[in-house]
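Copied over from Swiss-Prot, here are the features:
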ACT_SITE  H236  active site
ACT_SITE  C284  active site
DOMAIN    1-91  domain 'CARD'
MOD_RES   S301  phosphoserine
Amino acid sequence: MADKVLRAKRKQFINSVSVGTINGLLDELLEKRVLNQEEMDTIKLANITVMEKARDLCDHVTKKGPRASQMFITYICNEDCYLAEILELQSGPSAETVFVTEDSKGGHPFSSETKEKLNKEGGAFPGPSGSLKFCPLEIAQKLWKENHSEIYPIMKTPTRTRLALIICNTDFQHLSRRVGADVDLREMKLLLQDLGYTVKVKENLTALEMTKELKEFAACPEHKTSDSTFLVFMSHGLQEGICGITYSNEVADILKVDTIFQMMNTLKCPSLKDKPKVIIIQACRGEKQGVVLLKDSVGNSEEGFLTDAIFEDDGIKKAHIEKDFIAFCSSTPDNVSWRHPVRGSLFIESLIKHMKEYAWSCDLEDIFRKVRFSFEQPDSRLQMPTTERVTLTKRFYLFPGH
């Protein structure tokens, strides 16, 4: 029976499931009335960590019997093939679960169908929602074995507590609304969650409030049991820094990029010493443009704009040098960055696309190079993303799925 299978796989499920899959399961089970709204809210709000949510969800479903458990298992098989392989689950045509026995201890069992898929795709296979490609265990182990002295170590999933911070300013008192920023925020949050980070999201802040959030984030105790962090800033900007929501010609509400590095350095955030700290900045860095389009920079561009264009632009200052940092900015100094009101920012869109496609096999700097190359093409000459102040001493592999 499905409930017995689910009970047998409870521990593996708790240790392996991602927050994205948990959220998908909750939505599915609510829609099919396996869970009611109160149960769903309890699972989401009464539990802090992903593992706690997973444990509570699994226990709720198994108590409801085989039919509820079968819906749970079927969703995993259909939507998260990586997790289904780890749990050794298959959903047959009759909706009965087939329990697949493990051939060898310590191995990573894949079905013949999955193995064929791995060979075709060079080892990767889609993660939740068919998006992020996860790294098969044997490939992760091979990379680590051959290059461990040159790779930042990652902590084990059950005990690590990765955190990420996203600050997104959309609505301003004196500047235009950043239409399309909601797409960037949603997609970036989902990506980081699938990479194993608990994401803290803060919206529409002044420079002072952004500094306060940085201070609180740097002090989070979870960093002690984390192996890395991401900080993502999306706002209007100019050469001096990132605009707060009250910026105007009279009010210099600007977060200097140096402040970000100072708040996250070894002195202010010792828990992240010798661990990768990745800073992503989507904002303008000045007024110059390679083409003439609507933009998000604060000042007036000397080059004007095209009235029929639907792109808009966004900016920052050079980063402060610190060990184990890497900053990836949406444009070169003094230039604008562009945002589509429906698709979101060109930079964020390309970054997410390449992270999903290559994080399983490439280190972060190599992924960033691929993003830059995507803007080199003739139809993408609007901006050139820039990697700056790189003080990483090793290669940073994300090993998605592990």
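For all residues, glycine too, the Cβ spot is worked out from N, Cα and C.
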Quiz item: Per DSSP, H236 (active site) is which: helix, strand or coil?
Solution: coil
Exercise. For C284 (active site) and H236 (active site), determine the Cα separation and express it in whole Å.
Key: 6
Quiz item: How do the residues of the domain 'CARD' (1-91) split into helix, strand and coil according to DSSP?
Solution: 71 helix, 3 strand, 17 coil
Exercise. Within 10 Å of each Cβ, count the other Cβ atoms, then let me know which of the active-site residues H236, C284 comes out lowest.
Key: H236
Quiz item: What average pLDDT is reported by the model for the domain 'CARD' (1-91)?
Solution: 87
